[in-house]
Structures are given as C-alpha cells and as structure tokens.
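Trainee: Sharing a structure with you now.
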Amino acid sequence: MEDFVRQCFNPMIVELAEKAMKEYGEDLKIETNKFAAICTHLEVCFMYSDFHFIDEQGESIVVELGDPNALLKHRFEIIEGRDRTIAWTVINSICNTTGAEKPKFLPDLYDYKKNRFIEIGVTRREVHIYYLEKANKIKSEKTHIHIFSFTGEEMATKADYTLDEESRARIKTRLFTIRQEMASRGLWDSFVSPREAKRQLKKDLKSQEQCASLPTKVSRQTSPALKILEPMWMDSNRTATLRASFLKCPKK
C-alpha cells in the first residue's frame, strides 16, 4: 500500500500526510491504510478548492485558464494540511475578519462566498452513516459537512452541495480511479476491511521473515517514469508548491 500511495499521489500531498502522521505519533509503515486515507482526503480538499474564485462583484466563478487581468480572490481557504498552530491562526484570522463562529474542531476549508467552514469527508462505507458520525462529533450547525464516497455517492448538509456538478464529478472520478487502481493491485479489500488489513499485514511480515535469510539480488532497473496528468491547481503564491501535476499510477 505504501508503494501505491507514493506512486499515485502528488509528492507534496504525500509529504503533508507523512507530517500529519508523525504529528500524531503514527507509523505509516504499519498504518498504511491510514496513510492512503489521509492522502486521499488531502487531494479531495485541494480539488474542492480548484478553479473556484470570487470576482470583483463578489460572485463565485470557475476559472480554469487564469486571466492575469482579472482581480480574483480564492473562494476557499484551505485549512487541511497546515500545521495545527498555523491552522488555528488562520481560523482566528477568518473569524475576526468575517465574524464567523470559531469551530471547536479544525475544519478543512472556509468558503468566503457562503461564509462558512466546511468539513470534508471521504468514506469507504455508506455516506449517510459517515455523515451522522461527523455531525455527532462536530455538534455545530455552523460547520457545513460534505461527504464523498468511492462509489460516487455524496451527502451534504441540507443537500447543499456547494460546488457545481462538474467540479463534484471531477472529485468523484478521481475517487473511483483510486478505487480501481487499488483493486487492480489487490489492495482494495484490505483498505475497506480492518480485519482484512490485519490479516494482510501478518502475511506480509511472515513473508519478510522467510525472505530475510535469502541472498539479495539488487536490481539496477529504474522505475517506470510517472506520467503527468493535467495540473489541478492554478498559479498562486499561496499554494504554489501544491499545484504540481497529479501523478498517474504506473501499471504493473
């Protein structure tokens, strides 16, 4: 799973996921499913923000090619992926500027158009079950919840999906692709089922023990070049390092 994650996600997303797990004292070598889940969640958050701006009239617009003459403001402030201290500083600044109620838990985004914090969820289970779990944890009507699944389903607070259909379809397509790529490598079942994941981990550890005493032959063959997909972020100093092209999983 770790190899899959490193091949299929943008290196900056992988780096952010590594930092997040380290911050909570989790070992990505063991918690490989969580590693994959964090990377997926980060990517969805960034895709949610992609191309969405507020024009001079205060209207929400979608711009994919960027007009250097347009005075545009990012519609969404990305909070997910930031250091916790910085994230809370950003939230405090937003609340002081907009008058928004400060959330008890770190949300993922802030929507400047609708003036609300957003909690993004990506689930391997039923969307309504995960939605209820999120709502029960947050316990705030001020934070908007939007849940996506790997099967193309989604659920949002008061059926308000925030984004246009095309933007949401882009996210759903990416999640479905991740699911297909995992399935083709025999990783999907363990990603969905914790019991299967534990069984697979024990199997891998046993296999490593059996191979430890065998002679090792070093391969000089280089890894296949990763193909670059269409960039999903526009030029901006705020998230420049994160707007590199997404990487396509190399086929085995």
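Yeah, the Cβs are placed from backbone N, Cα and C, and that goes for glycine too.
Copied straight from Swiss-Prot:
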MOD_RES   Met1  N-acetylmethionine
SITE      Leu28  site 'Important for efficient shutoff activity'
SITE      Leu65  site 'Important for efficient shutoff activity'
ACT_SITE  Glu80  active site
ACT_SITE  Asp108  active site
SITE      Arg195  site 'Important for efficient shutoff activity and nuclear localization'
SITE      Lys198  site 'Important for efficient shutoff activity and nuclear localization'
SITE      Arg199  site 'Important for efficient shutoff activity and nuclear localization'
SITE      Lys202  site 'Important for efficient shutoff activity'
SITE      Lys203  site 'Important for efficient shutoff activity'
SITE      Lys206  site 'Important for efficient shutoff activity'
Trainee: Name the one residue among Met1, Leu28, Glu80 whose Cα is closest in three-dimensional space to that of Asp108 (active site); these are the recorded positions.
Mentor: Glu80
Trainee: Who sits close to Leu28 (site 'Important for efficient shutoff activity'): which same-chain residues at least 6 apart have their Cβ under 8 Å from its Cβ?
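Mentor: Sequence-distant Cβ neighbours: Glu2, Ala17, Glu18, Met21, Lys34, Phe35.
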Trainee: Quick one: pull the CA-CA distance for Glu80 (active site) versus Met1 (N-acetylmethionine), whole Å only.
Mentor: 23
Trainee: Under 8 Å Cβ-Cβ from Met1 (N-acetylmethionine), six or more apart in the same chain: what's there?
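Mentor: Set apart from Met1 (N-acetylmethionine) by at least 6 residues yet with Cβ under 8 Å, we have Thr32, Asn33, Phe35, Ala36, Leu187, Ser190, Phe191.
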